[in-house]
Amino acid sequence: MKFNYIGLGTHSGIVNGGSGSGGSSTIGSKMSLGKSIKMYLTIFIATTCIYMVLYQYHISREPFAAGEVVKHQEKSSSYIASYLWSPISLLLANSSSNNNNNSTPTTTTTSTTATTIRTTTTAATVGSAGEKVGASSTSLQTVSLAAPKPTLHTSYGTALLRSGSVGGHRKTATTKQSITRTATKLTTTATTMAKTSAKQSAQTATPATTALSEHAHKTRPTFVAASEPPPLYIITPTYRRPEQLAELTRLGYTLKHVVNLLWLVIEDANHTNPLVAHTLDRIGVPYEYMVAPMPEKYKQTKRAKPRGVSNRNRGLEYLRHHANEGVLYFADDDNTYDISIFEQMRYISKVGMWPVGLVTKTGVSSPIIQEGKLVGYYDGWIGGRKYPVDMAGFAVSVKFLKERPNAQMPFKPGYEEDGFLRSLAPLDNTDIELLADECRDILTWHTQTKKNAPAQALNRTRYKNTNLEHIDKLLVRP
Ligand code: UGA
Ligand code: MN
């Protein structure tokens, strides 16, 4: 652009010079007229060019053409179902549509409302929060969860929700901020609704429920959390490697969206690693960090190793001592989890199963459901297994586990899931609850992280007194 202006300036200088030397003769004036026209034409073309360049620049700054932008909307039944499971989604939806919600009290489904009233009435004895609860049960007020009524949220939140009351010893981040706690409270409030819908859809995802759910995402009533949802125990095996802190960070922040959860992080090692503890503290999910080394004979083998087995068995042992209710789930540190699966698995009474993406050549490992019944399993490798499922594809009720004192995972590579599920016998196929929209949805993935070579040693002389001395201490080396 600058170049164009300079060009024009020079050109007009010549034109002026030319007209000056032409005097008052006709030829001179014709020449000067011709030059003027030429000058104006040049200016016109140059200006047009500049506009075009500016327009192109403007277009290139637009992130997407209008037709390429996909707006947040829920269409398929499974998506709606999962949307309801997710407490955070509920809150987000409310903040975008709370104007309507305040003025038009509408309930989600009849049965949801009924259950909620029952729950809230029971809680009416719980101090000041109870009063609020009692009031809402008589005149079931329906207000957006994210409606600007912070005092209401705070009052019942503080009294009723003991964040993470999942029994046993647990540690939480010391740096937890008040804003985080508030979010947890609100999330729990939303869970009451998710709980009821979860029960309905987890068992029978009827079209009627779907239709009602569809309406539900537009207007949301306030549901008061009178009791916490059943606890979740997430058993995560982990081991020392360059990717370890990254994997735990990613998984930890997924789990942070889930209320009433205890994260059992169990490392295949002889000692805990302060770097792991520091990472867990920073994430702020209630956790228990333990060690359970792989037996030496398996470590030495040249063949496939039973990865994460001693860790998981240590987790089971912990639960036998410290848990009485709720559900356990084996969440490997490198997989990917949609948080809605956690809200669904909470209510399992025996064993729940669902599909896992990115498993073997079939791309997915899943129970096969025909006419609502479990009729088999789809997986690229069956290997004579009774339960050819992936570790990320099932969860078990704590009560059910404790009724089977000998249930545990075998040190048998490839047969860990099968062996564990077999050890839960008696387990009838009809006792297996089919989650994720009766296994029509994928909410967990067996992702695998690329292995990184161990970081090379830092040249301490060259980088003395620099930040590198600090970050070098944060690198996990084998
Ligand atoms: C797959 C399954 O998803 C695992 O649940 C199963 O244990 C494993 O195969 C197996 O059959 O050996 P995959 O992705 O192949 O998992 O294995 P990894 O992700 O490397 O390990 C599974 C879990 O065990 C991870 O949480 C990992 O941190 C842990 N692990 C791995 C150990 O604790 N020690 C090890 O030496 C390796
Ligand atoms: Mn893995």
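The backbone N, Cα and C atoms fix where each Cβ goes, and this holds for glycine too.
Looking at 192-215, 288-311, 408-431, the stretch flagged in TrEMBL as region 'Disordered' turns out to be 192-215.
All protein chains shown were included, and the count of other CB atoms within 10 Å of the CB of Asp334 (Mn(2+) binding site) stands at 18. For ligand 2, the nearby recorded positions are Asp334; that is, of Asp334, Glu417, Gln456, these have a C-beta under 6 Å from one of its atoms. Candidate recorded positions: Glu417, Gln456. Fewest other C-beta atoms within 10 angstroms, Gln456. On a Cα basis, Asp334 (Mn(2+) binding site) lies 24 Å away from Gln456 (site 'Interaction with galactose moiety of substrate glycoprotein'). In three-state terms derived from DSSP, Asp334 (Mn(2+) binding site) belongs to neither a helical nor a strand segment and is classed as coil. Distance from the CA of Glu417 (active site, proton donor/acceptor) to the CA of Asp334 (Mn(2+) binding site) is 17 Å. By the rule that a residue counts when its Cβ sits under 6 Å from some atom of ligand 1, the recorded positions Asp334, Glu417, Gln456 yield Asp334.
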